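Enquirer: In case it helps, TrEMBL gives these features for our protein:
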{"type": "DOMAIN", "residues": "1-309", "note": "domain 'Kinesin motor'"}
{"type": "BINDING", "residues": "GLY65, PRO66, THR67, GLY68, THR69, GLY70, LYS71, THR72", "note": "ATP binding site"}
{"type": "REGION", "residues": "162-182", "note": "region 'Disordered'"}
{"type": "COMPBIAS", "residues": "169-182", "note": "compositional bias 'Polar residues'"}
Amino acid sequence: QRVVLMDPSEDPDDILRANRSREKTFVFDMVFDHRATQEEVYVSTTKSLIGGVISGYNATIFAYGPTGTGKTYTMLGTDCEPGIYIRTLEDLFKALEATAEEMDYTVSMSYLEIYNEVIRDLLNPSSGFLDLREDSRGNIQIAGITEVSTTNAQEIMQLLTKGNKQRTQEPTAANKTSSRSHAVLQVTVTQKSRRQAIGEEMRIGKLFMVDLAGSERAAQTQNRGKRMKEGAHINRSLLALGNCINALSEKGGSRAQFVNFRDSKLTRLLKDSLGGNSRTVMIAHISPASTSFEESRMTLIYAYRAKNIKTQV
């Protein structure tokens, strides 16, 4: 459960700086090395959330980290090694089928990206930029998003792979096919009891799976002009997410914290799933390369803060 981060530029014989070492130890719920399989990562991070979604809790899974550390691989995976998206949905459908005798259920999902603070539908890219709106009950809706209802995991894999090809990708110095946007897969499970006597009770659980854009510093990507602006937008939404996480994790403190969900589209969309009735998992990705020491350090600090979120249902 421990990550020890060594500073590559440190000289072991340098006595003057011996007590100013930047070596840091972080403790997490779970740490995987390079030998971990997709299955292992899935079972120890996400599998336990599925029961919650079916009983009406929300759940959010983030993949966070600098470009090139494997976020998209963890979430989407490849055909022979599917990632968290597919494994979660397969188990979700299995679990729902087990309750099918007592419950009527529908599962709808949408797949969108947030790029430069605008929302694009990845399943129907020609629909242009979409608006976030709040309905009368305070739920955040996206006007005009395509919702797909299906209980076939194979079909979903094809949809997601197709959607992923529509993502805004640009070569940067850090990675040839760097995803420059946050991809959000939103799955809504609605259940209604088949017994009429109970009254019309509905259970709604939302599951968000978010593949965030790379969190690296601008210097690392050597971006200029348009790429630089785009990186600023990415970092702005990650900062807004970090601020929300900070405010949520300090909730028990002396002063009441205001959580500013309106700072970016990403946090506004995830408002229900960060605070309140929700379980959140953050999977932080770091690269062992000595060149990305700073990135790894920032990523670990960011993810470590997310550990202290306290939610009030």
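Note: Cβ is positioned from N, Cα and C throughout, glycine not excepted.
I would like each feature placed in context: is it buried or exposed, what are its neighbours, and how far apart are things?
Expert: In sequence order, HIS285 constitute the residues six or more apart from GLY70 (ATP binding site) in its chain with CB-CB distances below 8 Å.
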Enquirer: Mean pLDDT for the domain 'Kinesin motor' (1-309), rounded to an integer?
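Expert: Here the mean pLDDT over the domain 'Kinesin motor' (1-309) amounts to 81.
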Enquirer: For the binding-site residues GLY65, PRO66, GLY68, which one has the sparsest Cβ surroundings, going by other Cβ atoms within 10 Å?
Expert: GLY68
Enquirer: Which residue among the binding-site residues THR67, THR69, THR72 has the fewest other Cβ atoms within 10 Å of its Cβ, if you could check?
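Expert: THR72, out of the binding-site residues THR67, THR69, THR72, has the fewest neighbouring Cβ atoms within 10 Å.
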